[in-house]
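Student: Heads up, here are the entries from Swiss-Prot:
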type	residues	note
REGION	1-304	region 'Formyltransferase ArnAFT'
SITE	140	site 'Raises pKa of active site His'
REGION	314-660	region 'Dehydrogenase ArnADH'
BINDING	347, 368, 369	NAD(+) binding site
BINDING	393, 398, 432-433, 460, 492, 526-535, 613	UDP-alpha-D-glucuronate binding site
């Protein structure tokens, strides 16, 4: 049976050997070039392929149409993936009539995603395993073909568990590959309600937080012990690595991170104490704990910290351009709730941020980004993270003032992007769900969905195209110049301070603000083209929490990523939004101050937005990247968001007149 294989690491090598032993004909193998920054303790798939006389390739993007066509020419009957690190597109999966199968290092549906070997140890699991499953478009979500359980012993570390999993995988493949070859397999659908998903781990994720329990820290040490990069901590600014440890039943009132003794080297934790059995100072040699204490100059009562002492003292400086806007003011509030951010902001007004103006860690200048270019360049250079949130983002303006939209949304933001490249600053750029345009996918996916817009004579697309081109420019700067970036795409965020009722009076606002104005003034709610267009509405608190996690960037997991931020469960048509808003309005304690409801009125989009408008029937996000990179899920129901947004705006209305 002809097969094409995607493979890497030891699992890739043993998978290839198992296929050959089972009589499969391997037409080609796709693998990765080794990362020079990664310790290569594992077997080489490329070398094995060469020794076996099998063509081997390591493309940067195997999902490129040229590679899809080459794989199609190989006519594989079945496809296998063994620890290949990139998601394989659906077009490739569909090339094999007998299907595609992936070997995953956990007991699916638990521990989908990256680095399951390390995550099970971090989380103190006592059992894991290997799973062979059918590949579908969603990562690690296909039906299970075979599983083998592996016990995790208390003394297992990453490398010993790795060897156990390799042994189990070899057994599983020996038993299962002949059955796949003869079409004699039983598939069991995964239970989605039991699924868990974990993201990529980097060396920076493995710092020891001494306020946690000794058992939790010991599990971290086990999870990343040699040949992985190791768990680490600091003495002042001196970094050291812990290679092995023991949980010590020592009851101490010492502060977490304090040295209890140096022989053995015992460190107080949030609960219990951790004995450092072996470790390494800086780039030195491995030594036993008491010698490490001597090398680091530790004595009883010394304090360890999770980050360098100098880093712990300096706040992260965040520059927010458009700080008075809907996202900017809510994000400022979230950042200032923490004690490690300094926020610098620029905007043409300050009404939404007036509550922060006296905050010691908030610095505001009133001004226009098209005028204050020197101030902006200076602060890009000064700050650590830049969020250029200035944009015209109201649909009526796309047809009313398309050139102004282009000048502000594209030209001014391009200048800021180039400052970030020049001074090597991290940029978190607000893309938009509008870039997907008229995409027909059920879920809009950051990495695979096509971005489809209308003809040139429909100026409503100038916003979408301006944002899309900036996305592509930022991506290219990341690839070619090393720009550190994250693109985030908000899907219909709603909440207090979304536009204002005065903006709604001239039509320059988002949907819910316009609908609230209609209720306040007693004018008919206008349903553009019947209001059947569906959107997924997201509470501003959910959106800001995701954006905050992008800024935090744990383990640099957000670098180079595009992340949809939306709530696919909160899908509703504009008509349904209007009905929900009306029901909330009728129950509101201030209802009697406002005129009677004037009804719904259907209007054509051309009469409301102008002749250059086109609408989109649906816009539902895939949030797999948000789950993977941010460990984030939206939580707030749409009705709660509507109630709070309505309440906020009703309480801004002058109610000096008598009730109606």
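Note: Cβ is positioned from N, Cα and C throughout, glycine not excepted.
Please go over these features one by one and say how buried each is and what sits next to it.
Tutor: In three-state terms derived from DSSP, residue 140 (site 'Raises pKa of active site His') belongs to neither a helical nor a strand segment and is classed as coil. Annotation for residue 140 (site 'Raises pKa of active site His'): same-chain Cβ neighbours under 8 Å, separated by at least 6 residues, are 102, 104, 108, 109, 112, 113, 133, 197.
Taking all protein chains in view, 20 other C-beta atoms sit within 10 angstroms of the C-beta of residue 369 (NAD(+) binding site).
The Cβ of residue 526 (UDP-alpha-D-glucuronate binding site) lies under 8 Å from the Cβ of 514, 518, 601, 602, 603, 608, each of these being in the same chain and 6 or more residues away along the sequence.
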Student: Give the sequence-ordered list of residues that share a chain with residue 529 (UDP-alpha-D-glucuronate binding site), lie 6 or more positions from it, and have CB atoms under 8 Å from its CB.
Tutor: 602, 603, 604, 605, 615
Student: About how far apart, in whole Å, are the alpha carbons (Cα) of residue 532 (UDP-alpha-D-glucuronate binding site) and residue 368 (NAD(+) binding site)?
Tutor: 38
Student: Kindly state the mean pLDDT of the region 'Dehydrogenase ArnADH' (314-660) in the predicted structure.
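Tutor: Its mean pLDDT is 91.
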Student: Name the secondary structure element type, per DSSP in three states, that contains residue 532 (UDP-alpha-D-glucuronate binding site).
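Tutor: Once the DSSP labels are grouped into three classes, residue 532 (UDP-alpha-D-glucuronate binding site) ends up as coil.
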Student: Expressed to the nearest Å, what is the distance separating residue 368 (NAD(+) binding site) and residue 433 (UDP-alpha-D-glucuronate binding site) at their Cα atoms?
Tutor: 26
Student: Show, in sequence order, which residues other than 347, 368, 369 on the same chain lie with their Cβ within 8 Å of the centre of the Cβ atoms of the NAD(+) site.
Tutor: 321, 322, 346, 348, 367, 370, 371, 372, 390
Student: How many other Cβ atoms are found within 10 Å of the Cβ atom of residue 347 (NAD(+) binding site), counting all protein chains shown?
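Tutor: Its Cβ shell of radius 10 Å holds 24 other Cβ atoms.
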Student: Quick check for the class: what is the C-alpha distance, in angstrom and rounded, between residue 393 (UDP-alpha-D-glucuronate binding site) and residue 347 (NAD(+) binding site)?
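Tutor: Counting only the Cα atoms, the answer is 15 Å.
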